[in-house]
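Participant: Input: one structure, supplied below.
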Amino acid sequence: MGRAPCCDKTKVKRGPWSPEEDSKLRDYIEKYGNGGNWISFPLKAGLRRCGKSCRLRWLNYLRPNIKHGDFSEEEDRIIFSLFAAIGSRWSIIAAHLPGRTDNDIKNYWNTKLRKKLLSSSSDSSSSAMASPYLNPISQDVKRPTSPTTIPSSSYNPYAENPNQYPTKSLISSINGFEAGDKQIISYINPNYPQDLYLSDSNNNTSNANGFLLNHNMCDQYKNHTSFSSDVNGIRSEIMMKQEEIMMMMMIDHHIDQRTKGYNGEFTQGYYNYYNGHGDLKQMISGTGTNSNINMGGSGSSSSSISNLAENKSSGSLLLEYKCLPYFYS
């Protein structure tokens with residue numbers, strides 16, 4: 001057997017209370033009290049309401065000692081502190097806030113305070129993660145071992161030391177963890193889109209088998225193809241050189257287009273490096289021969305590049321001169 005209903009649900013009014021109903025309830029209690037029996041109270045007060053609804057309306061809204069209006073910052077602080085200590089025991093929390101009801105505090109928590117707390121926690125976490133990277137040289141702090149993202153920062157070691165070429169190990173040492181290709185590019189330039197990640201023929205998107213491109217890098221790409229592919233699962237020599245060159249070209253903080261040859265043309269220095277002659281620093285600094293190689297069109301000679309592709313890797317796709325990045329447009 002269950003508890004008998006306090007009233008006939010079909011004969012009572014539901015929904016928000018009207019000002020007239022509030023006035024009737026308040027006037028009757030001020031004159032006669034509730035009589036200790038809320039079940040018979042609605043009939044005596046002339047209300048078509050359930051006895052439970054009358055009781056809650058009085059206790060939570062109409063009592064003369066109830067505070068209405070916005071919560072103060074001090075009340076917010078008390079609620080935060082008590083919630084952290086005892087959880088959602090609203091009646092106990094209400095005992096520490098004179099004039100506030102447990103129902104009022106619960107509703108305030110669910111509608112405003114919880115969102116405020118989550119927002120504050122999120123901002124604090126972001127600040128805590130970013131603070132060690134604001135000045136990596138001057139601050140002696142322990143950096144996280146495996147953060148999910150590389151925080152952006154105004155500090156850039158490449159701009160301060162143009163002779164220090166960017167490498168994975170360099171960026172990893174700055175940030176205190178092993179960085180992948182995508183993370184390195186995001187760290188160098190957060191504006192690079194993340195949706196143009198070209199991988200090898202096996203669609204392996206690991207940081208060893210692909211490279212992230214900016215839409216602005218290859219405006220003249222007609223079909224997005226992989227820079228190179230693996231041969232029997234082993235990265236080819238030309239693939240590693242392509243990635244190394246592209247990494248150097250992505251770091252444009254200390255590169256002068258007019259003297260370094262980064263104007264979208266395939267220079268003799270690039271060709272020599274692909275062909276196994278010269279080193280990368282010589283190619284980047286422009287100390288070697290910088291004459292342009294004609295890659296096509298009238299009077300063009302593409303045999304040197306064709307021979308290079310055959311000699312280096314039959315499965316590799318060479319980077320054509322049309323697709324070199326235009327950083328300085």
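Using the three backbone atoms N, Cα and C, a Cβ is placed for every residue, glycine included.
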Participant: In Swiss-Prot, which of 66-89, 90-113, 306-329 is tagged DNA-binding region?
Facilitator: 90-113
Participant: What counts of helix, strand and coil residues does DSSP assign across the DNA-binding region (38-62)?
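Facilitator: Output for the DNA-binding region (38-62) reads 17 helix, 0 strand, 8 coil.
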